[in-house]
Amino acid sequence: MSNKFLKNNRTSNMFFTEYILRFLRATLYSYKALFAWLEPKIYILTKIVSPLFQIIFFTYLGSYYIKGSGNLYYIIGNAVQISAISAINGVAMTVASERTEGTLALILGTPANRVRIFVSRSALHIIDGLITTGIGFLFGYVFLNLSFNNVNIFLVLCCIFITIFSMSGLGLLIGSFGLALREVNLLSNLIYYILLVCCGVNFPVTSLPSLIQKFAYILPLTHGLEAIRKVMIGYDFQQIKILLVEEFFIGTIYLILGYIFFRILELNSKHAGSIDLY
């Protein structure tokens, strides 16, 4: 009996390991094949130089406009928001490129797990977003007097990860729209700037009109950014856990909506024979 149990347990472990390896391979291949910014020059300009100038611009503008406000609010807001380049633009581009590169029909013709295919498109972009935000924080520390004294670094990283995950859920939804649209970059860029304006990046959400405030609180980034700012001034996990749960929940909802739209598109396109048609 024990030998049978051990054999079944070993089989299940091998299956789980193989599943994880397939997921990682799919993640790596999709990132390398479908991500248009992998050329070093384009990557540096798009993912490092441009975001750093965004941090500099809004930090000095905000500090000048509101005397004595300090740099902390603007550095944190923009350092986290620039991860949307990966989490939204990058994820949307990767998903939508399946159609433009002619690989969508091949993927939908396989018996592969659709959830794994869909979610794997965002995994490396979450890591990429963490790196981008890390560069932003490092830049703020070196050049703009950002302080990490008495800050729980691990909790900050957890907050950033959940926030980027949440934005990647929205990126997957936009990418799913991109499978049905001719051009997804316009939509993803629009969402990037909506987050910049509405989510409390450079000014409090409460300063917006009441209707836009309600809209801001159903967007990713808003709750996560508030949690990160609180941790940076000494709050502990118990004081920000509700914000993290809300951020994670919002991201999960967007992820589910994106997957539903992806499946609807697949079923309709198979029925109509229009997988590669716009």
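Just so it is clear, glycine is given a Cβ too, placed from its N, Cα and C backbone atoms.
Keep in mind that TrEMBL annotations are predicted by a computer and have not been checked by a curator.
TrEMBL lists 42-265 with the feature domain 'ABC transmembrane type-2'.
Only residues 6 or more beyond the boundaries of the transmembrane segment (42-66), in the same chain, are considered here, and those with a CB under 8 A from a CB of the stretch are 36, 73-75, 77-79, 82, 85-86, 128, 132, 135-136, 139-140, 144, 201-203. As annotated by TrEMBL, transmembrane segment applies to 42-66 (among others).
TrEMBL lists 72-92 (among others) with the feature transmembrane segment. Here the transmembrane segment (72-92) has Cβ contacts under 8 Å with residues 35, 37, 46-47, 51, 54-55, 58-59, 62-63, 121-122, 125-126, 128-130, 132-133, 136-137, 139-140, 144, 146-147, 160, 163-165, 167-168, 170-172, 174-175, 178, 184-185, 187-189, 191-192, 195-196, 199-202, 221, 224-225, 228-229, 232-233 of the same chain, all six or more residues outside its ends.
Look at TrEMBL and you will find 123-144 (among others) tagged as transmembrane segment.
Residues annotated as transmembrane segment in TrEMBL: 150-174 (among others).
Residues or ranges marked as transmembrane segment by TrEMBL: 186-205 (among others).
Cβ atoms under 8 Å from those of the transmembrane segment (240-262) belong to residues 95, 114-115, 118-119, 158-159, 162-163, 165-170, 172-177, 179, 218-224, 226-227, 230-231 of the same chain, restricted to positions at least 6 beyond its ends. Sequence annotations record features per position, and here TrEMBL assigns transmembrane segment to 240-262 (among others).
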